[in-house]
Structures are given as C-alpha cells and as structure tokens.
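> Below is one structure. I have some questions about it.
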Amino acid sequence: MSKQQHQYVEVPVVCAILILLFSLQHYGTHRLGFVFAPIVLTWLLCISTIGVYNIFHWNPHVYKALSPYYIYKFLKKTRGRGWMSLGGILLCITGSEAMFADLGHFTQLSIQIAFTFAVYPSLILAYMGQAAYLSKHHVLESDYRIGFYVSVPEQIRWPVLAIAILAAVVGSQAIITGTFSIIKQCTSLGCFPKVKIVHTSSRMHGQIYIPEINWTLMLLCLAVTVGFRDTKHISNASGLAVITVMLVTTCLMSLVIILCWRKSYIYALAFIFFFGTIEALYFSASLIKFLEGAWVPVALSFIFLLIMYVWHYGTLKRYEFDVQNKVSITWLLTLFGSSNLGIVRVRGIGVINTELVSGIPAIFSHFITNLPAFHQVVVFLCVKSVPVPHVKPEERFLVGRVGPKEYRLYRCIARYGYRDVHRDDVEFENDLICSIAEFIRSDKPLNYSPDLENETGTNERLTVVAASSSNLEGVQIFEDDGSDKQEPSSSSEVTVVAPSPRIKKRVRFVLPESARIDRSAEDELTELTEAREAGMAFIMGHSYVKAKSGSSVMKKIAINFGYDFLRRNSRGPCYGLSTPHASTLEVGMVYIV
C-alpha cells in the first residue's frame, strides 16, 4: 500500500478516534480514569518489558549511554547536524510532561509518585532497549524503518501497535483535562471570557468539564489532522510547543524561588542557568522546523493571547468605571429619606441581583435616578459559588441590613457549592423571604451611624441564617388563598390579611413557640408580609462598554469591537437561580471607559 493510500485510511480513523474521545469528556475524569488507567499501566509494562528484552538480547552494555559524557561526545562529533537532530530527539519526551498539566485533576503527590516510579523508569528502559537494538542493526535498508516498532519482536508487533494507539488516546486525554484546568484558572483571574464550567466530581474540585472549550479543541485537532495529513509536521508542532512551555516554566520557576520561597538570587540564577541552557538548546533546534508545521502552536498562541488581552483590558476598564462611579450609602439614604426628591416606595419586594458582596451596585443608582420609584422592601441579592461540593442548608444565607432599620434595605448572600442543585424560583423565593424574616426576628438593635462606614461605604453586619426548609425551629412561611382556615399550631403567628379583593393569597409567618419579638420587629415582619403578598420583582443589570470619544484607534477597536464581541458571545453573570420572566426587569447601562 502506497503512502497516499495509507493516508486515506489513517486520517479518517484518527478523526473518528478524536471525535469519540471528545464526546466522552462530559463523563468526567474520575469515570474515564477507570477505563484509561489499565491502558496506561499495560502500555508502561509493555514498553519496559520490551526494553529489558532488547537490552539483554542485543547489548547488555547499553546502560553506559546514561552517562552525560556521551551527549557531549555526540554533539562534538556531529556538530551542526547533531544540533539540528535535537528537534527530533525532543519528541522522545513529548507526552510525558502532560502529567504535570493534570495538577487540578490529581494531587501533586500522586503525579510525583506515578512519574518517578512508573513513567520515568519505563521510558528509560524502552529507549535503552531501542538503543541496544540499533547498536546491532544501525545499517538498515531505509531510514523509515528506524523506530520503535522495528525493535519489537514480530510475534507481538500488532498487539503492541493496538496498545500504543490506546495509549496515545490517553495522552490526548491528559492534554484535554489540563486545558480545562488552565481555562478555569484564566477565567477566575478575569483573563478569559466566562464559560460554562461543569464539575464532574463531588470529591475533587479540580475535575471539571467545559463544553465550549471541549468542542473548540476538537475542531482545532481535526483541522490540524486533516490539514497536515503527516505525523512529521504534527510532531514538529508538538515539539516546539512542549519545549516553549518548558522554557517559560523554567523562567517563571526562577521567580517563584525568589518571590515565594524567599531564596537567594544565586539559587534562582543557578536554576535558570542549568535548566534554561539545556532547554534553550532544544528550543533553538526546534525553531528550524518553523515552516514545517511548527508555526501552528505559535499562531494559536497569538490568537489566544489576543483574546485574553482584549478581555482582560475590557474587564479592567469596566472595574475602574465601577470604582469611580460607586454609590455611597449616604447618597442612597438621602435619596430614600428626602421627600423633596419625589422618590416613591411602591408595594412589593424588589430584589436587586448583583455580583457585589458589599456596596451598592451602580446599576441600581442608574435605575432609581431615571425612574424615581421603588419597592417598599429592597433586597440586594448576591449568589456566590464557593469551592466546596455542598453548602449545608443551615449555612446557606448571609443576611444583613443596609442603612437604618426604617428604610427596609437588606443584603442577602446565598452560597452554593459547585455540586449543589439550585432550587426552582418558588422555593428559592420562600427561602429568601424566610431568611430575612428570621434575621428580623433574631436581630439585635444596633444604632446606625454613617461614621462607622467601612471602605466599601457600608455599615453592615451579616448573619448566617438557615434556609426555611432545613430550619424547622425558625420562621416558617405559609401561603393560602385567603380563607379563614387556620393551621393547627401552638406557635405564634404574624398574620396580615389582604384588604383588597384583587390579592388572592395570604402570607403568614409562623414563629417558634419560644420566640419573643419587640414591637419594632413585629412591625417590620408585618411590612415584609404585606410586601410578599404584593409580589416580588427581580432586577437584573446588563451593561455595555464603549470607548469614550477621543480614545485611540486601537482602544476603540479593542473595546467597541473586540471586547463587545467577546462579551456578547460569552456567558453572562451567573446569578445562580432561575427567575420568573413575568417578574424580571433587565436594566441596561452604558459604561463609557
């Protein structure tokens, strides 16, 4: 079969394997590991066994090649040709370094043990076995026969080929999972657009799946496979990518030695001189193959660097606008307390969804100054994901006041673990209202003083309040159709019957038997009850970022086109709950940066 006929078979098979591999990613690393782990162990055992066989069968003295002296002797003898061959020698280690990209999916100790006692000895034995074979068969009919499989005994050559294909799939899996971890870290740092992150394990926080990155990576792999149709070009691209990562890691490690480990500059210089010199030698040899496929990782890196820079630049400018235009709590209280400004408080509960855990979002001031009317009860709601699998229901809510008690302004932070299932809108509303009612019941009087405001412009105390579904001893909420039936309970109740015939439901807070509340708390609960009966409105913020007039052409392109395109095609802020569309209001605001 000719080389062209080989491509007609190999390329479709490789594409089919890639599609299957990427289609299995949503099952998670912990499930795929049960399938891939035996394959890796079988492959390592296979190459090490074949290596030991070749060593003893062809040249038992090949162990001397481990001496660095032969590296010097080889380069001295071959000079330029030997230096150029380093680009091919580099391919001997590509793939094994992918284990270190999985630090988010496995512990550091497990990777160290696996590499030291399994991967590294197996690779050494395999390459020593090939060297022993080639020392007796260095004159071959054609160069393409010089490889790993020619040193494998013919009786087991095809089974070894099958295991090798499966092992290559596993190596690709390590790169995929490592990419997920890197993208997640970049997203957390604000250096990459927001993407959907699915946690596939309740025990390991780092085991994640990102659908958008998964399918994008699959398309890129298919494009490279179909475009090159040759392992030589793909190997050149892989070699330059790997040695570049190693060289950059060495440079960054020298900074870690100085800044994090607090060691002397001498240690850092010695580290970067020793490892950097070796890696720079391989890097220079790989650059020769730039036009033979090595340009691909450079081009992709430039594209992703441009995306990350534009997103980070736009996010930074947006944050600076928020800081410069932050709303003072004093301004808000003046606005609510002054009758001359015409602010009207209407019945109901207004829930302001925000990503801020403190302070007043600028979107709220934008809304209130353009439409001077708001609800009698205002709740600034922030839904946060915390790096634990589950948050106990009794620790779900943090509730506090914003300003004096008479203004009925509250802040609520709802915390969810990455494996928690968010409740539907009705259950969440009831838990939210009950948490505020429980806070009102258990809150101790505290005189508000603007002089005690912290750097965020607030004077808030947040209290952990359990959700009503888990706190049977706390405040419970009951809703009915307004009939005169009473729940058989010895608990005390705060009941308000709607006087208007248009309101069909009645809301009641049932307090514990031992509950004792003062008159002001009872009035506050009564007002909360009336507001709940009138209904809830959810206010969502939606911002647009534009470059101010007079900005440079590059800034206008980056903000008005680049950042705007990324923002419209990335996931918006995750508020963590599904709100009813009928009672949701989206407020738009233009950020001029």
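The backbone N, Cα and C atoms fix where each Cβ goes, glycine too.
Since we're looking at a predicted model, the values are computed, not measured.
From TrEMBL, for reference:
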DOMAIN    3-333  domain 'K+ potassium transporter integral membrane'
DOMAIN    348-591  domain 'K+ potassium transporter C-terminal'
TRANSMEM  7-28  transmembrane segment
TRANSMEM  34-56  transmembrane segment
TRANSMEM  83-101  transmembrane segment
TRANSMEM  113-135  transmembrane segment
TRANSMEM  156-183  transmembrane segment
TRANSMEM  240-259  transmembrane segment
TRANSMEM  265-283  transmembrane segment
TRANSMEM  295-314  transmembrane segment
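Give me the lay of the land around each of these features.
Same-chain residues lying 6 or more positions outside the transmembrane segment (7-28) and placing a CB less than 8 Å from one of its CB atoms are 165, 169, 172-173, 176, 198, 200-201, 207, 209, 211, 214-215, 217-218, 221-222, 225-226, 229.
Same-chain residues lying 6+ beyond the ends of the transmembrane segment (113-135) with a Cβ under 8 Å from its Cβ atoms: 41, 44-45, 47-48, 50-55, 57-60, 62-63, 65-66, 92-93, 96, 99, 146, 148, 150-151.
For the transmembrane segment (265-283), the list of distant contacts is 83, 86-87, 89-90, 240, 243-244, 246-247, 250-251, 253-255, 257-258: same-chain residues at least six beyond its ends, Cβ to Cβ under 8 Å.
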> So if I exclude everything within five residues of the ends of the transmembrane segment (295-314), which remaining residues of that chain have a CB under 8 angstroms from its CBs? That is, six or more out.
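Beyond its ends, the transmembrane segment (295-314) has Cβ neighbours at 186, 190-193, 220, 224, 237-238, 240-241, 244, 545, 558-559, 562-563, 566-567.
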> Same-chain Cβ contacts of the transmembrane segment (240-259) under 8 Å, 6 or more residues past its ends?
90, 93-94, 97, 265, 267-269, 271-272, 275-276, 279-280, 282-283, 286-287, 289-290, 294, 297-298
> Please give the average pLDDT for the domain 'K+ potassium transporter C-terminal' (348-591) in this predicted model.
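Overall, the domain 'K+ potassium transporter C-terminal' (348-591) comes to a mean pLDDT of 73.
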